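Chemist: This is the structure, below, for whatever I ask next.
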Amino acid sequence: MGKVAIESLGYRPKPIDPDFLTKYPETGTHHNHKVYAEGVQRYDEDGKPYPTKLGIHGTMVAVDFEACIADGACMDACPVQVFEWLLNPGKMGTGQDLDLSDKPELKAKYACDKSDPIRESDCIFCLACEIS
């Protein structure tokens with residue numbers, strides 16, 4: 001599938017909040033990484049409520065699931081394969097995300113597939129995911 005057109009999302013993602021660790025509660029764990037702000041209403045770049053409340057996954061390698069637009073760039077750049085598609089397990093990289101265009105229930109819940117930092121502990125802090 002590849003990068004989701006921002007216009008099709010119905011909201012404007014904004015960069016991850018650098019203070020998320022202190023600003024939002026830890027709300028759970030997923031694939032051995034912490035999740036913050038799941039279930040918490042947060043707001044997009046225009047100050048409008050995000051349609052989902054999936055939270056921020058990871059601590060050292062943090063992915064804001066509301067802001068993730070399934071472009072796969074972080075996966076393609078990562079030399080140690082920290083990421084995998086949330087809805088297409090075992091797959092990673094551009095074009096390997098699950099196409100939600102014919103899956104209205106998943107589209108309503110997730111908006112698009114998400115880059116899940118399932119191997120966060122393998123991160124070598126090269127920051128390739130951030131600059132990609």
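Using N, Cα and C of the backbone, Cβ positions are placed for all residues, glycine too.
Curation does not apply to TrEMBL; its annotations are automatic.
The structure displayed is predicted, hence computed values, not measured ones.
The Zn(2+) binding site annotation in TrEMBL covers HIS30, HIS33, HIS57, ASP116. According to TrEMBL, the feature [3Fe-4S] cluster binding site maps to CYS68, CYS74. TrEMBL lists CYS78, CYS123, CYS126, CYS129 with the feature [4Fe-4S] cluster binding site. Feature annotation from TrEMBL assigns domain '4Fe-4S ferredoxin-type' to 59-88.
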Chemist: Counting Cβ atoms within 10 Å of each candidate's own Cβ, which of the binding-site residues HIS30, HIS33, HIS57 comes out highest?
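Modeler: Neighbour-count leader: HIS57.
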Chemist: What's the CA-CA gap between CYS68 ([3Fe-4S] cluster binding site) and ASP116 (Zn(2+) binding site) in angstrom, rounded?
Modeler: 10
Chemist: Any idea what DSSP makes of CYS68 ([3Fe-4S] cluster binding site), helix, strand or coil?
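Modeler: Where CYS68 ([3Fe-4S] cluster binding site) sits, the three-state DSSP reduction gives coil.
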Chemist: So around the Zn(2+) site, HIS30, HIS33, HIS57, ASP116 aside, which residues have their CB within 8 A of the centroid of those CB atoms?
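Modeler: For the Zn(2+) site, the extra neighbours are THR29, HIS31, VAL35, GLY58, VAL63, LEU86, PRO117, ILE118, GLU120.
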Chemist: Near CYS129 ([4Fe-4S] cluster binding site) in space, meaning Cα within 10 angstroms, which of the binding-site residues do we find among HIS30, HIS33, HIS57, CYS74, ASP116?
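Modeler: CYS74, listed in sequence order.
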Chemist: Pick out which of the binding-site residues CYS68, CYS123, CYS126, CYS129 has the most other Cβ atoms within 10 Å of its own Cβ.
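Modeler: Checking each of CYS68, CYS123, CYS126, CYS129, the winner is CYS68.
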Chemist: For HIS33 (Zn(2+) binding site), find which of the binding-site residues CYS74, CYS78, CYS123, CYS126 come within 10 Å, Cα to Cα.
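Modeler: The binding-site residues passing the 10 Å Cα test: none.
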Chemist: List nothing but the one residue from CYS74, ASP116 whose Cβ has the fewest other Cβ atoms within 10 Å; the candidates are the binding-site residues.
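Modeler: Among the binding-site residues CYS74, ASP116, the sparsest Cβ neighbourhood within 10 Å belongs to CYS74.
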Chemist: At a 10 Å cut-off from the C-beta of CYS78 ([4Fe-4S] cluster binding site), count the other C-beta atoms across all protein chains.
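Modeler: Total other Cβ atoms inside 10 Å, all chains included: 23.
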Chemist: Given the binding-site residues HIS30, HIS57, ASP116, state which is nearest to CYS78 ([4Fe-4S] cluster binding site) when distance is taken between Cα atoms.
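Modeler: Nearest by Cα distance to CYS78 ([4Fe-4S] cluster binding site): ASP116.
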Chemist: List only the single closest residue to ASP116 (Zn(2+) binding site), chosen from the binding-site residues CYS74, CYS123, CYS126 by CA-CA distance.
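Modeler: Nearest listed residue in space: CYS74.
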Chemist: Just to verify a number: CA distance, CYS74 ([3Fe-4S] cluster binding site) to HIS57 (Zn(2+) binding site), in angstrom, no decimals.
Modeler: 14
Chemist: If the [4Fe-4S] cluster site is taken as the center of the Cβ atoms of CYS78, CYS123, CYS126, CYS129, which further residues of that chain fall within 8 Å of it by their Cβ?
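Modeler: Near the [4Fe-4S] cluster site, the remaining chain residues are VAL61, CYS74, ALA77, PRO79, VAL80, VAL82, ILE124, PHE125, LEU127, ALA128.
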